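A.B. asks: Okay, here's the structure, questions in a sec.
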Amino acid sequence: MLTKYALYLTSICSSDFSASFFLFLGIFLLSENIIFNILTNHEYIANMFENKDYIAVNVFDDSVRKRSLKRQWNQLSRFQKNLVVVIVFGGILLCGFLLYQRQLLKANSLDAFSSEHVKSMKTNVVDTDKIQIVPFKEDISSVRMIQNENQLPSADEWVQNAVDNNHDTKNSIDNPQDIINGDIESDKSEVKRDINNENEDTKTRGMSFKGPMNERQQAVVNAMRHSWTGYKTFAFGHDNLKPISQTYSDWFSLGLTIIDSLDTLYIMDMQEEYQEARKWVEESLKLDVNRDVNLFEVTIRVLGGLLSIYHLSGDEIYMTKALELGKRLMPSFDSTSGIPYSDVNLFSMQAHSPKWSPDSSTSEVTTIQLEFRDLSRISNDPTFENAITRVSEKVHELPKTDGLVPIFINANTGSFRSFSTISLGARGDSYYEYLLKQWLQVGKIPEHYFIEDYKEAINGVIKHLRRKTPNEHHVYVGELISGKDFKPKMDHLTCYLPGTLLLGHKNGMPQSHFTLANELLETCYQTYIKQATGLAPEITYFNLEGESATDIYVKANDAHNLQRPEFIESLYYFYVITGNKTYQDMGYKIFESFEKYTRVSHGYTSISNVKTPNNVRPKDMMETFWLGETLKYFYLLFSDDRNEIDLDKFIFNTEAHVIPVREN
């Protein structure tokens, strides 16, 4: 009989909790009259009707006499009363436990891994709950860093004829109709180079990669293949996969997922998938789409992706496509100030400010330089580099707050928006990143304004934006609202900064940069492990002056996770530069959380709530940077070969696409 009740109870608990409770009672009522009599006289129920002497309880027969529940309960022995309480509340607890287990299983089973995949996931798992970040600050400090303070190269004078300070960009741009009329074909012959005459430092084409070296890298390859398969099945040729609804969405209609994934597939040695992507680029990538696109997004994703795979593979088709795209983007620079407009139509080649504002984002206009400079250098056409140099020099000359810049700039006036927010998160982040990386790209020229502006900016961060929480002493970088009022808020985007700071320290930046890098890496890791899912929210707030019960907290509207790469990027730099494998363990713990909470049957999805493991609320969107950045950095982080991508020969753009470093 007890077994039968247990089976009833288990099936009942497949519904919601309240229904399960009442059905549980109903089973006992229908099964045993004694239990029915006892249950209906529960003290809690009796108290509910204390002011009503008689309650009608007619279950089987309308002739059942009305009874006083309270009187019959008082007539029971103490043993009977205790037995009733144990049975009822034991049943409630059991039902609740089974319901919780079912809900947890449901949340965890968005996709069932194959037994082979599960086996690979369990291999070499390290209990990173035991990882203590603070001691590793001391460990990292003891690692012998590659110091270049006294080894800065005496580079040849920079080629000034490629950088004309007073160059009129408008006059340098080809007639926009040339591309539409097909005259670009004549330009292609002009950019063919004699490969044998290139400098040794620029010979990067035709690189080969070994594929996964260990179980962790294989797990990442499995994730990449799962992502690609879902995209190929339901969204191939479109910008984004919606893996739950098994459809797609288009942003610019440029096959963004394919372009962003090309170099990732190549680095992972996924040849079959890579050939599928290459074939689409050659046969189906049309760059004359009649719609507005964002200059920054298309530059870092599409132009950067094409340049990266060109340098890795040596395939001329990518260079040809990159050159055409670059020409179609050039009208963005046709402004009175030289600060580019944010939007351009790739068909009509007309550019304009965003519809929602006359201003462009500062990070957007200052995070296109790596790509356009590289395009000039592979094509021997200085037009692209001239345009972005004009932008960099203009921003360099503008007044700043100890090197810190507002997040908005006007393309017509060439000035920052007054009283604009200063942030190293959204709309400001990659300005600082590209100061350092441009300096590396052009050969680390001593005292160049790239590196001088970068050093001034980091000093400004330490002076104005660095704070420490009062209790747990987490160091973070906040924001200045209206350029003056401090706000204890840090975007996940800001977690690129530890890696950038360490990369700068590797190339001669001072010890203060190294210290801040370690402090911020620890804080960024805490934003992950303090959440129940082990995944960081989009925005984290910090206790400033005791206004919060906890030093790190998340607001409801900021609890989503878009599978962003910034913290994994920083872990990658820390592992490659220091050799400390602890960063691999930290990364793998996060990778497992992505597997657990974002993997679905046909890909991976961003989620709405990192605070509730049993209800993450999938957003039904697989971002292109999941394949182009996050999985790529995971794969390189887990590599046995720290120089799989040599940081002395390559830099990563802000979309994790590789661009070669030049000697001059």
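Including glycine, each Cβ sits where the backbone N, Cα and C put it.
TrEMBL entries are annotated by machine, without manual review.
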A.B. asks: Look at the disulfide annotations in TrEMBL and name the partner of Cys495 from this list: Cys95, Cys524.
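C.D. replies: In TrEMBL, Cys495 forms its disulfide bond with Cys524.
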A.B. asks: How many Å separate the Cα atoms of Asp429 (active site) and Glu538 (active site, proton donor)?
C.D. replies: 14
A.B. asks: Given the recorded positions Glu297, Cys495, Glu538, which lie within 10 A of Glu566 (active site) by CA-CA distance?
C.D. replies: Cys495
A.B. asks: So among Glu297, Cys495, Cys524, all listed as recorded positions, which is physically nearest to Thr654 (Ca(2+) binding site)? Use the C-alpha atoms.
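C.D. replies: Nearest in space to Thr654 (Ca(2+) binding site), counting only the recorded positions, is Glu297.
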A.B. asks: Report, in whole Å, the straight Cα-to-Cα distance of Cys524 (disulfide bond) from Glu297 (active site, proton donor).
C.D. replies: 25
A.B. asks: Using a 10 Å radius around each Cβ and all protein chains in view, which of these active-site residues has the most neighbours: Glu297, Asp429?
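C.D. replies: By the 10 Å Cβ neighbour count, Asp429 comes out on top.
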A.B. asks: My understanding is the cutoff is Cβ-Cβ under 8 Å with a sequence separation of 6 or more in the same chain; which residues meet that for Glu538 (active site, proton donor)?
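C.D. replies: Non-local contacts for Glu538 (active site, proton donor): Asp491, His492, Asp558, Ala559, His560, Asn561, Leu562, Arg564.
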